[in-house]
């Protein structure tokens, strides 16, 4: 495995791979890798000649009161996991390499950001889109892999790739979960023992929503109520949002139809967790993510 921390070196290496006719799969991360990231790497490994993993905690996507300083970091652990899962190139730039001075140009996301996490995190997806635009130009991948746990991010990346004509295939990968259903997340380490015990209620609520839809429920209000009441009954968390919207456009719905995202975010004392489920209507089939 090659470890690179300079943009110029990374671009030269990627050009070499392209000259050799090799396909490149890219997994962008902020590090502190877990089984969810490993699933992205494994999928990329199956589908490409070269797998590139980036580990970069992007300051642009953290708000003024968010956890940039305390976001978990352990590069040696990340390096070991990357090597175990067959990563060819690990790109690990410092913030000063990615942002050597004040930005002259920044990507501003105009749609799909006024709901879900975007509503309470102004500027977050602008930061995500800006760093991904830079990374896509640096890595020049054929495919980019993202976890559906952050379905809004996947929707934003879908728009970024389409609107900026990046020659990249977006590959969404289903959420990896603990045995009790809790979505894998780097932020799970912040949970207290009691919060960790309560946290699977998020996915239980989403599964209850899916069961209600399978049973014929089509009211978005009814689904929101069901999810909210389940979480309130089984956790001490503060609910940030429960949303029912179209996917990937993230338009609000009154009546469920087409591809529907049911998404939830809650705040425990020291961690904010998100989860979602994607439903395909009118068929009873559903894709759990």
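Each residue, glycine too, has its Cβ placed from N, Cα and C.
Taken straight from Swiss-Prot:
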- 30-37, 147-150, 176, 184-187: ATP binding site (BINDING)
- 37: active site, proton donor (ACT_SITE)
- 61: beta-alanine binding site (BINDING)
- 61, 153: (R)-pantoate binding site (BINDING)
Based on DSSP, name the secondary structure state of residue 30 (ATP binding site): helix, strand or coil. coil
Measure from the CA atom of the residue listed as 'active site, proton donor' to the CA atom of residue 148 (ATP binding site) and give the result in Å, rounded to a whole number. 11
Let me know how many other Cβ atoms fall within 10 Å of the Cβ of residue 61 (beta-alanine binding site). 21
Report the nearest neighbour of residue 176 (ATP binding site) in space among the recorded positions 37, 61, 153, comparing Cα positions. 37
